[in-house]
Every structure is written in C-alpha cells, then in structure tokens.
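See below for the structure under consideration.
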Amino acid sequence: MSSTDYNYDRDAQFFPYFILTITSLVTVPVTYSLLKPSKELENTATRIQSEFTPEHADLIEGQKKKQKRRERRLKRFIVSLVGWLVIAWMIYLMVVTARTTPKIWDPYDVLGVARSATEKQIKSHYRRLSLTEHPDKAREDASRNITKESINDHWVEITKAFKSLTDEEIRNNYLQFGHPDGKQSLSIGIALPKWIVTEGHGKYVLLVYALLLGALLPYFVGKWWYGTQRVTRDRVLVASAGHLFREYKPEMGDGAVIGVLSSGEEFNEILKGNKADHGASKVEQKILEEGEISLKSKAGLDEKDRRTLQNLDGTRRKVLSLLWAYLGRIELDDETLNDEKFEVAPIALQLNESFIAISLAYGMTSPVLSAYHVSQNLIQAVPPSASPLLQLPYFTTKVVQAVEGDASRRHMSIQDFMHLSADLRKKQATGPGLLTGDQYKDAIATASQLPFLHVEKTFFKVVGERYVTPSSLVQFVIKARIIPPGSVNVPPVKESDLEDIDAPEGDVAAITGRKDDKSSEKPIQPPLAHAPYFARNRSPRWHVFLADSKQGKIAVPPFTFSTFDKPLQDESGKPTFNVQTLKMQFGAPPQAGRYTFVMHLVCDSYVGMDTKMEVTLVVEEASKAEEMGEDDEISEPDEDTVAGQLRTLKSGSLPGATKPKKRYADDSSDGSDTEGDVDTESETDTDTDTDDE
C-alpha cells in the first residue's frame with residue numbers, strides 16, 4: 001500500500017521554476033503597461049514651433065516631471081527592472097541545476113540496450129561487453145583518464161545492471177513502476193529549499209506568511225479599494241466634488257468659478273503643514289496691487305473677486321491667491337511660492353472639468369460658459385476679461401496696450417491682430433520697451449500656427465429623410481475649416497465639400513462624424529496647445545452645444561471633438577484648409593414648429609477663438625412631410641416610349657444609368673421656405689442664421 005511523502009527541494013532543483021512563475025505573473029504585465037504606446041492625445045500630438053521660453057521654465061518642467069512620477073511610471077520601471085533581474089537569475093539557476101543534478105540510475109542505459117530487449121538479447125549483449133569491458137580485457141589509457149579503478153567501477157555497474165534485468169521481478173518493476181523496487185510512495189515536492197525550513201528557520205517562514213497574508217495583502221487590497229472609492233469619474237476627490245456641488249449657483253461669472261475651484265481637497269495634499277501659511281500674505285499683497293489698465297488689480301481681480309478672497313481663510317485663501325498669481329503671471333520673488341503657483345493650475349483645471357459636469361446637470365448656460373472660459377484662462381495663464389493677445393509669446397500688458405490703444409473699449413483677438421497689415425502690426429508691437437524684431441517674428445510665427453476653427457456652414461438633417469419630423473433623430477452638422485490667424489491665399493470653399501451624403505447603413509463612425517482607432521483611417525489630431533506657462537501637455541478640445549437664449553438653458557448638451565477627419569497640414573507643414581465635418585445627434589422636439597437655438601462652439605485651450613451663432617431647426621408635421629414627399633415623386637415616362645426617348649435626349653443621360661445619391665445640405669445664410677417651395681439642394685428643411693462674434 002502506497003503512502004504520501006512530503007519533501008522539500010533538497011537540491012534547489014524546482015525552486016527556480018516556482019520563483020520564475022510567480023515573478024513572471026507580476027513582471028510581464030507591468031512591463032507591458034510601461035512599454036505599450038500611449039493613446040492619450042497629449043502623448044501623440046505634434047507641437048507648435050516656438051522659440052519662446054517663459055520665466056521659471058525650470059519650475060514648469062519640474063512640475064511636468066513631478067506629474068510623471070505621480071503617474072507611477074518610475075515605480076513601474078523599478079518593478080519591471082527588478083522583476084527581469086530575478087527572472088534572469090532564476091533561468092541561470094535552472095541551467096546550472098540541470099547540469100549538476102545526477103541522473104536516475106537506469107540499467108538499460110548502463111548496458112546500452114533497448115527497453116524492449118528480451119532476456120536472450122540482454123545476455124548476448126552482456127557477453128559482448130565482457131570481451132571489452134571486463135577488467136582483465138580493458139586497458140588503461142592516461143590520455144582519456146581511464147584508470148584501473150574506473151575500469152573496475154564501470155564493470156561493477158554493468159554487472160549490477162545485468163543482474164537487475166535478468167531477474168524477472170526486478171525487470172517488471174522497471175517496466176511498470178519505473179523503479180527496481182516496485183511501486184513507490186507518492187512524493188509531493190515543495191518548491192522551497194530545505195535550508196529554509198530546517199535549522200530553526202521554520203518560525204521565520206511562518207512570520208513571512210503571516211505578514212503576507214495577514215498584513216500586506218489586506219493593506220494593498222484596502223488601499224486599492226479606498227483609492228477607487230475616494231475619486232469620481234472625473235478623477236477628483238469625492239469630497240472636492242461635494243464642495244463644487246454646494247457652491248454652484250445658476251448665475252456665475254468667470255471669477256466666481258475660479259473662487260469655487262479653490263475649494264478642492266486636492267490642494268490640501270500639496271500644501272501640508274507649514275506650506276499652508278508660508279508666504280500667504282506676500283502672495284495676497286502681490287495680486288492685489290493696482291494694475292496698469294482698468295480698475296482691476298494687477299492679477300485681474302475685480303471688486304467682487306477681492307471680497308471673495310477676503311471672506312476666505314486658511315489653506316483655501318492661499319490657494320485662491322496662488323491661482324490669481326498664476327493667471328496674472330505675477331512674480332512672487334520666492335522660488336517655493338512660484339513653484340506652488342505653477343502646481344495649483346493643473347489641479348484647478350481638473351476640478352474645473354468636474355464643475356462643468358455638475359453645471360451641465362443643472363442645464364443653465366451661464367455657469368457652463370464661465371467654466372469653459374476658466375479652462376481657457378488656466379491653460380493660457382490669462383486673467384478673465386484680459387486681452388487674448390497675452391497668449392502670444394513675449395506679449396505683456398504694456399505691449400497689449402500699445403497694440404490696442406488707450407481708447408479701445410474692447411480687446412483685440414489674435415485673429416483681429418493678424419488681420420492688420422504687416423507694417424501696422426510691427427509698428428504697434430515693436431519699439432523701446434516693447435518687442436524686439438526677433439521677438440515679434442516669433443510671436444507672429446506662433447500666431448500663424450494656432451488652430452482657429454472657422455465655421456463655414458451649419459444645418460440640421462435626418463439620415464435618410466428629406467424633412468425633420470417630430471421626435472426624429474436629428475443630426476446637427478457643422479462644416480468648418482482650420483484657418484490659422486493671418487492666413488493668406490485661403491482657397492474658397494467648394495460647394496461639394498459643404499454637402500453631406502448619407503453614410504452606408506451600419507457605419508456608425510461615419511454617421512456620427514467620428515473615427516475610431518479600429519477604422520482604416522486614423523483620426524487627425526491638432527497640435528498640442530501652445531501653453532508655455534501650463535505645467536502639463538494639453539490637446540485642444542472643441543465643445544459644441546445648443547442653448548435656448550430666452551430661458552438661459554442648454555437645449556442640447558455639449559458634444560466634444562478633439563480630432564478631425566481630414567489632414568490639417570500638408571507634408572511641408574502648410575495649412576490644407578480642408579473642410580472638416582462635425583456632427584452631433586439629438587432627438588427632435590415632439591411638436592412641429594420653428595425652433596431657434598444659439599450654437600456655442602468653444603475651444604477649451606485658447607481665449608477668443610469661440611464661435612456663437614443662431615441656428616433654426618424647422619420641424620414639419622409628419623403628415624405634411626408625407627404630402628411633400630408624394631408631390632415630389634412624379635412618375636417618369638418609360639424609356640421605350642417616345643416621351644421616354646425624348647426625355648433621355650433632352651437630359652443627355654444614358655438609358656439605365658443609376659441616379660446619384662441624394663445629398664443633404666443647407667446654406668447657413670439662406671433660410672428654407674417652410675410654406676412654399678423647397679430648395680432643390682437642401683433635403684432637410686432648416687434655417688440657419690449667423691451672428692458671428
């Protein structure tokens with residue numbers, strides 16, 4: 001009767017296999033996550049070329065590196081490196097162990113006969129060996145290290161093997177159980193070297209097991225679970241989201257949104273201990289100094305923003321002061337304070353995205369627009385209501401004042417500035433105390449690379465239908481081009497590019513106007529935002545939504561676009577001015593009528609590059625749409641009749657030729673006559689009125 005024996009890996013033969021398996025389960029996934037190409041837009045997009053280096057560029061770059069460390073890439077690299085070193089060591093031990101482990105004694109191998117050999121064949125082979133291997137026959141050979149002793153030992157092995165195989169019982173044991181003594185007890189090997197559990201080491205093994213299973217495993221599982229529960233989908237702390245929710249108001253300006261963002265709990269983690277009070281009064285004094293332009297402070301605070309700041313205390317007051325110092329590009333004369341100034345901005349932007357989601361839940365237009373504007377301000381380090389020209393390299397408040405003039409009542413956008421004649425631009429921006437010639441050239445070169453999305457046409461449509469009917473699925477189509485400020489020789493738009501052909505059924509990417517990574521054509525990314533003061537790489541995003549101006553509410557929630565379907569630049573880097581198609585879908589109103597919305601097209605990364613225009617959706621009664629469809633379906637004469645042949649000669653088309661696909665379009669400046677004839681080019685009855693800002 002067999003028994004079960006438990007033994008340890010005395011010769012460390014299997015221990016490397018165990019360690020290799022466990023290490024590989026951790027090392028391979030970590031290495032893959034470290035080396036796999038990133039699909040984030042910030043890691044794959046191109047950059048706008050500029051020679052400009054902001055003040056404290058070393059601090060900004062240091063914040064970027066600090067963020068990478070927070071993303072645990074360094075930790076993953078260390079884990080991966082250590083893991084592969086352990087794997088290499090285990091493979092080395094496996095190779096060495098395979099060489100040194102003695103082979104199991106096998107009489108068949110010793111005699112050199114097959115396992116299928118009969119007793120007669122074994123005896124015959126033994127007699128032949130005795131003629132050459134017997135000590136009386138074999139000869140010593142020093143060159144081959146064959147001595148008298150080795151000859152005797154070898155003959156003893158041969159004799160032992162012969163006796164084992166000529167005994168019927170022993171031979172059957174080898175054939176059935178692989179062992180000369182017959183069936184053995186079940187042996188279960190534990191892949192741990194014996195020295196670990198002997199010589200008094202057993203208590204340490206128990207201690208290690210207790211630490212792993214009783215302490216480390218619960219700790220890491222709890223830490224992971226707590227980490228997933230303490231943040232929201234927008235990757236902000238749940239406590240911070242609660243603060244943003246409580247401070248939301250239906251009417252909020254840009255400054256009010258900045259004040260709300262200072263309530264984030266994330267700031268407490270970077271301003272721990274003495275950092276919360278260090279230099280707080282100094283920062284506040286700097287940002288409240290009188291500005292050179294208007295009644296606002298140097299950092300851009302108005303009277304309402306001042307009161308908000310003075311009503312706060314503790315860490316939040318310093319955070320809000322640092323945010324205004326960052327927006328106003330205020331020099332704080334302290335490296336630690338300047339570093340904190342650049343650190344709070346990316347955190348505030350993350351909180352702002354969460355605030356946008358909260359504002360959209362309420363559906364009011366004002367807070368959403370203010371939050372989008374704050375996103376622009378944070379990325380560009382420009383105070384609210386400040387000149388968009390501050391986004392250009394080397395432009396300061398003094399340069400802006402020289403360009404816009406003292407009597408100007410409104411700020412000049414980058415597009416307005418680039419539309420000026422080259423001589424006038426240079427005359428206003430350069431001179432003593434202003435820009436040098438080289439600085440001016442770099443500023444102009446940077447401005448000519450900014451991606452301004454110019455809307456060429458907008459219209460509503462229903463896929464496969466000529467009219468919009470109540471409760472139908474409507475597409476709002478935007479035809480636009482990326483036209484960098486100051487572009488010259490811009491080609492006119494082709495009418496064919498402004499049409500929208502129905503996509504094949506089932507092509508979701510074409511219907512929605514968005515490509516994905518699985519499609520044969522990859523989406524086109526714009527360059528990273530030119531934001532030299534922002535301590536993160538940022539890919540521009542465009543948000544499109546429809547609002548009801550009378551009620552001040554959002555009618556259709558924003559659709560976000562970050563890529564395009566056609567190239568933005570040719571091989572030489574020049575703009576292509578291709579017409580891009582942006583689409584958003586929503587349900588039509590349940591009642592027929594004319595619905596006028598205000599379309600907002602907002603870029604979250606640049607100030608002054610938004611588009612606002614009125615669009616009108618015409619919803620026809622379902623019965624009226626059917627009647628119009630029947631009136632348009634006039635029967636044509638058969639081709640084999642005289643009338644049919646005359647029609648063919650008159651039209652110039654060949655018999656049997658297929659009709660072209662219907663195209664859906666509607667000019668943004670021409671309204672459709674819902675009471676009379678329908679434009680032959682437009683298959684969807686809509687009105688679109690433009691009111692560019």
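Glycine too: its Cβ is placed from the backbone N, Cα and C atoms.
A TrEMBL annotation is a machine prediction, not a hand-curated record.
So that you can see what the record holds, here are the features copied from TrEMBL:
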- 628-641: compositional bias 'Acidic residues' (COMPBIAS)
- 667-693: compositional bias 'Acidic residues' (COMPBIAS)
- 106-178: domain 'J' (DOMAIN)
- 624-693: region 'Disordered' (REGION)
- 14-35: transmembrane segment (TRANSMEM)
- 74-95: transmembrane segment (TRANSMEM)
- 204-226: transmembrane segment (TRANSMEM)
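Counting residues per DSSP class in helix, strand and coil order gives 52 helix, 2 strand, 19 coil for the domain 'J' (106-178).
Within the chain, the transmembrane segment (74-95) has long-range Cβ neighbours (under 8 A, six or more residues past its boundaries) at 12, 15-17, 19-20, 23-24, 26-27, 30-31, 33-34, 68. Computed over the domain 'J' (106-178), the whole-number mean pLDDT of the model equals 81.
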